[in-house]
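Q: Sending over a structure as structure tokens; questions will come in a sec.
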Amino acid sequence: MSSHLSRRDLLRLAGAAAAVPVLSSCAGAPTQQSAAPGTFTVYWNAGHDYQAYRKVIAEFEQANKVKVNFQKYQWPDLRTRLLADFASGTVPDLVEEPGGWVQEFAVSGNARSLQDYVDRDGAAMGFPSDWQPVTVERNSYQGKVYGVQLHLTCNTLLYNKGMLSAAGLEAPTTWEEFLAAAKKLTKDGVYGVALNQDYTYVWPWLMQAGVTPYDPETGAIMEPVADAVAALQFQADLIHKHKVAPVPVSSTDYSGPQKLFSAKRAAMILTGPWDLEPIGKTSPDIDLGVAPPLKHKEQVTQAAGTSMLVPAKATRPDLSWDFIKRITAIEVEQAATKETGMLMPRVSWAELPEVQSNEATKVFAEALPTAKDSSQQVRLTGQFGKWEEQLKVMYQQVLIQNQPAAEALETFTKAAEGFLK
Amino acid sequence: MRPRTLAGRYARTAYLFLLPAILFFAAFFYLPIGNVVATSLRTGPQADQWAGLGNYTQALGDPAVRHSFLVTVAFAVAVVVGSIVLGLALAMALDQPLKGRVAFRVLLLVPYLTSVAIVGLLWRNILDPELGVLNRLLLAAGLPAQHWLNTSPLLTIAAVTLWQSVGYTMVLFLAGLQGIPETYHEAAKIDGADAWLRFWRITLPLLAPTTLFVSVMAVISGLQAFGQAYIITNGGPGDATDLSVFHIFNVAFRSRDFGYSSAQSVLLLIVIVAFTLVQLRAGRRGEVVY
């Protein structure tokens with residue numbers, strides 16, 4: 001007679017212990033449904049919850065007899081959530097993405113092609129004819145449309161008119177003028193310029209230097225290398241050599257330059273329309289100037305902005321498409337621009353009176369046709385995430401840690417060659 | 001079947017009481033760990049292609065993984081040493097009959113009760129070289145401005161971690177100190193031992209179990225640290241604060257390589273278990289019984 005539980009009892013207990021989690025996991029297994037019936041789930045950027053969009057959502061709910069579950073995230077959190085959803089199989093009906101994910105998820109099979117809807121409704125809604133060409137290209141894969149651009153933005157020069165005119169300066173147009181202006185403006189605790197710690201802000205400089213990020217045919221990365229090094233070093237020198245810009249601090253926050261500008265601690269920043277609203281709200285006394293992108297070898301800027309995609313496992317793509325159609329209507333773009341100053345992807349949007357009559361928006365709108373996509377060729381390799389990780393390290397090593405640009409770029413190129421081959 | 005002995009009935013009752021905990025751990029720990037191990041043997045964006053031990057061999061030869069591990073070890077060492085030294089010092093200070101010591105204890109414990117996200121945002125804003133409060137105070141006092149997030153980022157996030165956790169270690173040491181009978185100190189005093197000698201020969205040896213517990217917990221939490229790098233520095237500048245779990249997170253959710261990140265997670269688990277076993281063995285060997 002045993003003083004402990006019998007083997008059979010132990011086996012029973014162990015069996016029960018093992019069965020419950022298995023059963024519970026089965027109970028919670030993905031059902032391949034995107035959401036509860038009657039609920040339409042949207043993942044959206046927290047900063048894009050505009051009244052203009054709320055109105056569209058209300059109309060969408062009424063027309064389709066559904067309740068929109070409008071979930072707002074910061075981009076990194078949205079990506080984490082979405083990838084977890086892809087893994088579990090329970091996906092939202094529609095996702096706003098920050099640029100680049102459409103092709104990445106098209107390549108991996110997680111995004112649904114919208115080509116059948118475009119073929120059916122495209123002409124009526126003006127897609128793609130009324131969208132800036134770059135926005136259609138960056139949302140297509142193997143000749144099919146996988147996403148529709150919601151906002152089209154670009155970086156250009158924002159400056160404090162009062163500070164520049166007090167220094168007897170006009171808005172700079174070239175890198176040389178920019179450096180000279182920054183030197184003259186740096187005094188009394190004010191920096192001539194504030195650069196961003198976020199690596200994506202490197203692209204306008206590289207593009208203006210004529211650098212091609214990646215050529216899939218030759219495998220060349222960041223060429224011409226000498227121009228890429230010069231562009232990186234120019235930015236580092238603004239901080240460490242000329243001391244006309246503060247050393248940025250690495251974080252997830254890309255609003256550092258805007259905060260310095262709003263605090264009148266920086267006279268110029270290179271940024272996009274997303275900073276117009278915070279500057280206007282926090283420092284209405286600043287006479288804000290917006291100038292076209294700087295010119296070096298070329299006068300170009302980076303095409304940015306968000307798009308919408310439908311996950312491949314979303315079960316109600318018809319509804320998702322209806323949402324896309326409604327929220328990209330020219331009237332909605334017009335209302336959103338009026339509300340926030342955001343830039344939009346329709347060609348006809350640039351002709352709207354709200355755009356033409358607004359000094360800041362007009363400059364951005366005029367820069368949009370020169371905006372180029374920075375990483376499409378990399379995205380199509382499916383290695384975009386690794387590319388971005390390496391780029392962030394390289395950018396911060398040069399700008400923050402003052403590592404020689406040539407050395408940091410060489411390390412980056414070697415790493416990129418490893419995963420792009 | 002009803003156990004025939006009293007001991008058997010007791011054992012059955014004990015197992016029944018343990019059952020909810022076993023089920024909880026099975027569902028939320030062991031099953032996911034098993035899933036991670038299975039995923040670590042696969043590759044691709046969906047982790048659906050068999051890779052065998054390929055992810056493990058890749059991780060062992062990956063300079064980025066090695067760098068992130070070294071960064072993490074340096075961080076953990078700073079946190080462990082700081083936790084023990086500061087926690088013990090504070091505990092000894094607050095073990096004295098000071099006025100308002102309860103309030104001090106509570107104040108020191110509050111950061112530990114605060115979320116790492118809040119603490120991270122708080123310190124990031126305080127330490128911001130251009131707009132942070134600290135530099136304003138330093139400059140107002142005629143002192144040079146600090147740029148610690150750029151010049152010593154790893155040490156800075158270790159210091160923030162200590163600021164947050166030292167209240168907890170202080171409470172543990174305080175409990176340990178109060179468990180040492182006063183008669184030992186009185187006897188030593190009569191024998192002519194000064195305060196320093198009493199600390200080395202009585203207090204410290206008798207605190208060995210507490211010190212062991214604090215060091216084990218600090219090593220584990222140091223090696224698992226994530227929020228500090230995620231919230232305060234985003235792993236930067238460059239990769240200066242690329243702590244292991246943050247690195248693994250990025251491999252999974254930025255580079256989208258769940259198989260590779262799972263393999264790194266398993267390797268980290270093995271390292272943590274190994275560190276813990278070594279600490280426990282070494283610590284128990286040094287325990288003193290009076």
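Even glycines carry a Cβ here, placed using N, Cα and C.
As listed in TrEMBL for this protein:
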TRANSMEM  B:12-33  transmembrane segment
TRANSMEM  B:69-94  transmembrane segment
TRANSMEM  B:106-126  transmembrane segment
TRANSMEM  B:154-177  transmembrane segment
TRANSMEM  B:198-220  transmembrane segment
TRANSMEM  B:258-278  transmembrane segment
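Help me understand the surroundings of these features in the structure.
A: Using a Cβ-Cβ cut-off under 8 Å and counting only residues 6 or more beyond its ends in the same chain, the transmembrane segment (B:106-126) has close neighbours at 90, 94, 132-134, 149, 160, 163-168, 170-171, 227-228, 230-232.
Under 8 Å from some Cβ of the transmembrane segment (B:258-278) lie the Cβ atoms of residues 33, 36-37, 39-47, 51, 55-56, 58-60, 65, 69, 216, 219-220, 223-224, 244-245, 247-249, 251-252, all in the same chain and six or more residues away from its ends.
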Q: So which residues does the transmembrane segment (B:69-94) touch in its own chain, when a touch means Cβ under 8 Å and the partner is 6 or more beyond its ends?
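A: That would be 101, 104-105, 108, 154-155, 157-159, 161-162, 165-166, 168-174, 176-177, 203, 207, 211, 214-215, 218-219, 221-223, 225, 239-245, 271.
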